[in-house]
Amino acid sequence: MDGDNQSENSQFLLLGISESPEQQQILFWMFLSMYLVTVLGNVLIILAISSDSHLHTPMYFFLANLSFTDLFFVTNTIPKMLVNFQSQNKAISYAGCLTQLYFLVSLVTLDNLILAVMAYDRYVAICCPLHYVTAMSPGLCVLLLSLCWGLSVLYGLLLTLLMTRVTFCGPQEIHYLFCDTYILLRLACSNTHIIHTVLIATGCFIFLTPLGFMTTSYVRIVRTILQMPSASKNTNLLYLCLPLHTYSMKDSVATVMYAVVTPMMNPFIYSLRNKDMHGALGRVLRRPFQRPK
């Protein structure tokens, strides 16, 4: 494929991870059920937080944005997977593939950054409770979220623009479920040294920095809790149900697990043993069955 014409004439074939019709049917129903659970769980969390004024706090503000990110994340990949499982035509256009790649990279980055901000929020709430209201003001929360979105958009745009400089040749067959950076680079016949270097350098900063920040925050939280009287520990331990997520773009299995399982599990993890969330979810679910006064 010539670089000037590939955006107009090329397409990729997403062949999936199995060519067996029986296995494809199993994968179809498995991914469909996981997608529906993910959508339902995250939509309920967004509705519960937006409709309950008691949940209009920094913690739930970031949680609602995490749910929105997860919802957008799975919608970027799973619907196309489901179509491919049921269709003989598994083609995706060059532009469509890069678009999917852009949102995949941007949303994975955003997910990690929001988790880091949530860890900081819990650190301030538990370790510096007297300064929490001023330290996590609405203006600062909006600023932190804006920075997360800005960095995510720029990082996704950077990698996508670099991918447009890559020339592909030979059969454009992707033995995978969606367009992923390293999967696409295996099909390249041009020099990919620059993009590999950028991937390693920016990947270490974008993903390892939030991971280190989260680890540091939770270590300090645990240290603070251990120094508290036992009556206070029981309350604050409820906030330690926040998972530390890592993302490895070299590991295909880990990528699929991150793209599907993590967004599905987050609603259950963050509402676990959370009385405020249980109450808000209950009111949202009961609302359609209540008679108007």
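Just so it is clear, glycine is given a Cβ too, placed from its N, Cα and C backbone atoms.
Residues or ranges marked as domain 'G-protein coupled receptors family 1 profile' by TrEMBL: 41-293.
What TrEMBL lists as transmembrane segment is 26-48 (among others).
Under the heading transmembrane segment, TrEMBL lists 60-79 (among others). Beyond its flanks by at least six residues, the transmembrane segment (60-79) meets 31, 34-35, 38-39, 41-43, 45-46, 49-50, 100, 103-104, 107-108, 110-111, 114-115, 117-118, 121, 141, 145, 177-178, 259-260, 262-264, 266-267, 270 of its own chain at Cβ-Cβ distances under 8 Å.
If you look at the transmembrane segment (99-120), the same-chain residues 6 or more away from its ends with a CB under 8 A from one of its CBs are 59, 62-63, 65-66, 69-70, 72-73, 76-77, 80, 92, 144-145, 147-149, 151-153, 155-157, 159-160, 163, 178-181, 184, 206-207, 209-211, 213-214, 217-218, 242-245, 247, 258-259, 262. Here TrEMBL flags 99-120 (among others) as transmembrane segment.
Summarising the annotation, TrEMBL assigns transmembrane segment to 132-158 (among others).
What TrEMBL lists as transmembrane segment is 194-219 (among others).
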